[in-house]
Structure formats: structure tokens, C-alpha cells
Amino acid sequence: MPLTPGLLYLLASVACSVTVAVLLKLARRYQVDVRQAIAMNYLVAALLCWAVLRPDPAGLLTPRTPWLVLAALGVLLPSVFLAMAAAVRHAGIVRSDAAQRLSLFIPLLAAFLLFGEPPSGRKLAAILLAAGALFCLLRRAAPAQEPAGGEPGNGRATWLWPLAVWLGYGVIDILFKQMARAGTAFAGGLLLAFVIAGLLMLAYLLLRRVRCHPRHLAAGVALGLANFGNILTYIPRWCSRR
């Protein structure tokens, strides 16, 4: 089978997504402060966005810029990242990454219910299949069962955190669509969302008086590289709007 650009994007997206999950899993094993790593991750992601996508910040200074959407992205990005770390810890890498992938059907559902797009048989079938897969994913594991790549089954946490990941990434996808519908340049909007997310995490660390350590920040650099690659390949259709 020939490797089309779409397939290459998909493979790269899966590789980056799994790398993020593996890094979050290793962070617990090596006692890395995930909060510091996530804060550094957004600094790295913002720098990569500036260097790779070449955004024009002045393009955001228009009446059409959806500031509430960008602010919501800035809040949700680190929140969902923390949820992803908890999901990896309690439910394992496989289920956590699958929850992120299955979040794609939330924007499909929103397109019919919120944005008035006409439903098609293919899209409805995809939603039904994804709903069934999500149900199977979130079924509580047996008490003695240990999820692949995670801690032993921990009651509600084994399905609650993957559910939060699924819902969070789905809402983020909808917000990116809203940003595109408003005509906002993808690169500029993404850069601003990264900056807001990083500032919020920095404010949190300062309020909690967390002492930064080079080891945790170095882990954040690796996390930022994988996270930026994940976003860049996960939503390539918006990159062309920069």
C-alpha cells in the first residue's frame, strides 16, 4: 500500500501521541514533577510554533478574532494535559491514547447538533462505531486486572480519567474548528493558546511555591517536542490556514 501524505500524517500523529503518553508514564517512574514538565512543555511548543509555522501576531488584531475561544483553549490545553497524565497513571497508555483518538467523533456530533451541517450515512455510522468503541474502552476493569502500562485498577479512576481525556480533546477540537470558522490564522491562534497555557501553568507553580528543578524542566523539553509534533500532525488541515 502506498504511503500517501494523509497516511504519513496519521502515522506521525500516532507516534507523537504515544510518545507523549510514554513520557508521562516514565515521569511517574522517575519521579518527575509533571506540573513543571507541562509548564516547560508549553514554552518549548510556543518556540517551535514560532520557528516552524512563522505566525504573524498582528493577524490576531482584527475584530473577527475569537478571543473567548483562544482563552478557552489556553485553559483547556494544560487542564487536559494534566488529565492525560492521570489517565496514563490509572488506566494505562493504550486506553488513554485510544480515548484521545475517539474524541474525534465529538466534533462530528457537534457539526450536526450545533452547526447545522447535514448528516450523512457514513458520518452517522462512524459516530455509532466510535460510541461503541468508547463504551468498551470505559468499561471498568476487573479488580484484579492491571491495565497495560498503568497502575492496578483503581475504581472510578480507571474510566473517569480516560473519559475526561476524551471529552477534553473533543472540546479542544471543536474550539480549533471555531477558530478556523472565524478566519483566524491557525499559527497565530495556536501560538497565543500555547502562551496562555504556559502562563497559567507558571502562575500555578508560583502560587504553589513549587521549586523548579533542571531534571523536571529537561523532561518538559522532551514533552514539548512530542506534544508539538502531535498537534502539528493531528490537525494538519488547519496548518494550511496560517
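Note that Cβ sites are derived from N, Cα and C of the backbone, with glycine treated the same way.
Features reported for this protein in TrEMBL:
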DOMAIN    5-138  domain 'EamA'
TRANSMEM  6-24  transmembrane segment
TRANSMEM  36-53  transmembrane segment
TRANSMEM  65-86  transmembrane segment
TRANSMEM  98-115  transmembrane segment
TRANSMEM  121-138  transmembrane segment
TRANSMEM  159-176  transmembrane segment
TRANSMEM  182-205  transmembrane segment
TRANSMEM  217-235  transmembrane segment
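Within its own chain, the transmembrane segment (159-176) has Cβ neighbours under 8 Å at 69, 72-73, 76-77, 79-80, 83-84, 86-87, 89-91, 95-96, 98-100, 102-107, 110, 134, 137-140, 186, 235, 238, counting only residues six or more beyond its boundaries. Residue counts for the domain 'EamA' (5-138) under DSSP (helix as H, G, I; strand as E, B; rest coil) come to 111 helix, 0 strand, 23 coil.
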